[in-house]
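Presented below is the structure to which this report refers.
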Amino acid sequence: MNHPRCIVLVGMPGSGKTTVGRELAKRLGLRFMDSDHEIEVRTGVKIPTIFEIEGEEGFRKRETHTLDELTHESGMVLATGGGAVIKPENRALLSSRGVVIYLNVPPHVLWERTRHDRSRPLLQVPDPRGRLQQLFVARDPLYREAAHVIVEGGRGTPHAMVRMIEKELQTLCEH
Ligand SMILES: Nc1ncnc2c1ncn2[C@@H]1O[C@H](COP(=O)(O)OP(=O)(O)O)[C@@H](O)[C@H]1O
Ligand SMILES: O=C(O)C1=C[C@@H](OP(=O)(O)O)[C@@H](O)[C@H](O)C1
Ligand SMILES: [Mg+2]
């Protein structure tokens with residue numbers, strides 16, 4: 001099977017981009033990259049610290065720069081951060097350089113997966129559950145716009161998600 005040169009996972013925080021992406025890469029024998037991890041390595045600090053010092057705007061600049069650089073490489077599965085699709089330039093960049101897969105997971109599942117996690121600064125607010133809902137409504141159309149494939153990810157295990165994505169990629173490659 002001919003794999004596309006870059007497989008990009010997009011979706012909300014908690015949709016499984018990092019977890020599923022890592023397993024998908026292993027399965028396909030491709031390199032795994034996570035844009036958030038890459039930003040942390042480059043800055044030498046964790047994402048919440050970047051938000052504290054530079055605000056969301058500073059983080060978004062770093063994110064755009066990192067996505068641009070990473071998508072020049074080939075043979076890779078790239079997990080993006082949940083907000084990677086906010087900027088039109090990022091959406092254009094991702095969908096022109098890779099096959100973009102949207103992990104579509106409903107807000108109540110996202111909440112269950114992220115409620116005890118303190119590593120996502122946008123969810124450190126008095127009503128994180130409401131925030132997730134708001135972000136979902138605002139971003140769902142943007143994920144759809146950027147995506148070549150949409151995978152429903154609310155119920156299956158990460159392994160089942162990998163199998164679904166593999167099937168979709170196979171179908172794409174046959175056409
Ligand atoms: N398909 C899944 N089923 C159950 N739990 C999952 C699934 N995908 C991810 N998780 C869990 O949800 C949490 C968030 O996953 P993560 O991969 O960090 O999401 P993202 O990178 O999209 O924010 C992690 O604790 C992970 O183990
Ligand atoms: O939704 C967002 O805007 C963000 C999601 C995070 O990534 P995950 O989607 O992997 O949690 C990370 O990029 C940053 O905290 C901002
Ligand atoms: Mg992640």
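Glycine is no exception: its Cβ is also placed from the backbone N, Cα and C atoms.
Owing to the predicted nature of the structure, the values given are computational and were not obtained by experimental measurement.
Quick look at what TrEMBL lists:
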type    : residues                           : note
BINDING : G14, S15, G16, K17, T18, T19, R120 : ATP binding site
BINDING : T18                                : Mg(2+) binding site
BINDING : D36, R60, G82, R139                : substrate binding site
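Known features from TrEMBL, placed on the structure.
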residue	record	contacts (Cβ under 8 Å, 6+ apart)
G14	ATP binding site	V105, V109, L110, W111, R113, T114, L132
S15	ATP binding site	G82, L103, N104, V105, L110, G153
K17	ATP binding site	L9, V10, G11, D34, A79, T80, G82, L103
T18	ATP binding site	D34, D36, H37, A79
T19	ATP binding site	P158
R60	substrate binding site	G83, I86, K87
R120	ATP binding site	P13, I47, G82, T114
R139	substrate binding site	M12, G82, G83, V85, I86
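With respect to ligand 3, the binding-site residues S15, K17, T18, T19, G82, R139 contribute K17, T18 as residues with a C-beta closer than 6 angstroms to one of its atoms, given in sequence order. Under 8 Å, Cβ to Cβ, and six or more positions away along its own chain, G16 (ATP binding site) finds L103, V105, R113, G153, P158, M161. Closeness to ligand 2 is met by D36, G82, R120, these being the binding-site residues among G16, D36, G82, R120 whose Cβ falls under 6 Å from the molecule. The number of other Cβ atoms within 10 Å of the Cβ belonging to D36 (substrate binding site), over all protein chains shown, comes to 22. Closeness to ligand 1 is met by none of the binding-site residues D36, R120, R139, no Cβ falling under 6 Å from the molecule. The ATP site is set by G14, S15, G16, K17, T18, T19, R120; from the centre of their CB atoms, other residues of the chain with a CB within 8 Å are G11, M12, P13, V20, A79, G82, L103, R113. A 10 Å cutoff on Cβ-Cβ distances gives G82 (substrate binding site) a total of 24 other Cβ atoms nearby, all chains included.
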